[in-house]
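Feature annotations, courtesy of TrEMBL:
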TRANSMEM  21-42  transmembrane segment
TRANSMEM  54-78  transmembrane segment
TRANSMEM  85-104  transmembrane segment
TRANSMEM  110-132  transmembrane segment
TRANSMEM  153-171  transmembrane segment
TRANSMEM  203-220  transmembrane segment
TRANSMEM  259-278  transmembrane segment
Amino acid sequence: MRLNTVQLPDGYLNKTPLFQFILISCLFPLWGCAASLNDILITQFKSVFALSDFASALVQSAFYGGYFLIAIPASLVIKKSSYKVAILIGLTLYIVGCTLFYPASHMATYTMFLAAIFAIAIGLSFLETAANTYSSMIGHKDYATLRLNISQTFYPIGALMGIVLGKYLVFQEGDSLQNQMASMTPEQIHEFRLSMLEHTLEPYKYLIFILLLVMLLFVITRYPHCKPQGDNNEKVAQPSLKRNTEISGRKQSLQKRHYGAVPLCGNAGCGMVLYYSFSVESRRF
């Protein structure tokens with residue numbers, strides 16, 4: 001597909017290639033779906049493997065641990081290669097993680113499921129690191145924030161999709177799992193647990209198909225590099241930083257802007273993730 005765009009020295013484009021932008025935006029629901037499915041898995045694993053709250057929370061630890069460890073390496077891959085390469089790596093690892101649910105289900109081991117979730121998180125770390133920046137870069141600089149905001153509106157679609165897939169493909173109608181197993185013999189409980197683990201595969205079957213389709217579209221679609229030419233980025237950024245730091249009211253906040261990571265971690269990590277993960281459990285059981 002031919003690109004009718006011109007890349008400017010600062011890495012932005014003279015106009016936004018619509019199809020390429022839409023395809024990038026379609027990546028955002030993919031990590032929304034995975035995050036929603038984690039909450040479903042916590043509830044399912046807690047009963048199937050008879051886990052404590054602490055042990056069941058390892059699902060989120062494995063998931064966000066992947067982000068913590070791989071986000072910076074993913075940015076280095078982008079720096080050395082391109083946004084498109086990082087996206088393809090992310091999609092590949094996402095597919096690998098989903099595929100690992102099959103041996104995990106047959107082995108019926110919690111550790112193997114955690115490994116699969118960690119692999120998915122590594123792939124998503126590549127996807128988010130690349131897609132967020134690429135969405136803002138793929139067009140005129142004046143509309144960078146608008147493009148990113150538009151792309152991020154796709155995230156709730158994936159989150160809702162994960163909830164729907166979990167409700168109809170993982171959760172089963174009737175009494176809770178614990179109540180159903182209460183009247184079973186040990187042999188029946190073992191077979192029942194294996195059956196419940198099989199249900200966890202269903203959403204990931206659909207995800208693998210979607211991921212393969214998206215990956216194919218990225219492979220056959222031409223994308224601009226959207227990287228500053230030469231040392232232009234430094235030449236542009238240095239005067240801007242100097243002007244900003246000369247403003248006394250903002251100087252200290254600019255020098256310590258990384259402090260913003262602390263409240264973000266508290267809100268998203270300790271607040272939202274813990275609340276939604278265990279509120280699903282309380283509503284189910």
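Placed from the backbone N, Cα and C atoms, the Cβ positions cover glycine too.
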Task: Chain residues in Cβ proximity to the transmembrane segment (153-171) (below 8 Å; excluding those fewer than six residues from its ends, i.e. six or more beyond) - done: 25-26, 28-37, 39-41, 43-44, 199-200, 202-203, 206, 284
Open item on the list: Can you see whether the transmembrane segment (203-220) and the transmembrane segment (54-78) are touching - at least 3 CB pairs under 8 angstroms, only pairs 6 or more apart in sequence?
Closed with: no
Task: Within-chain partners of the transmembrane segment (54-78) [C-beta distance under 8 Å, separation at least 6 from its ends] - done: 34-35, 38, 41-42, 45-46, 85-86, 89-90, 110, 113-115, 117-122, 124-126, 128-130, 133, 269, 273-274, 277, 281
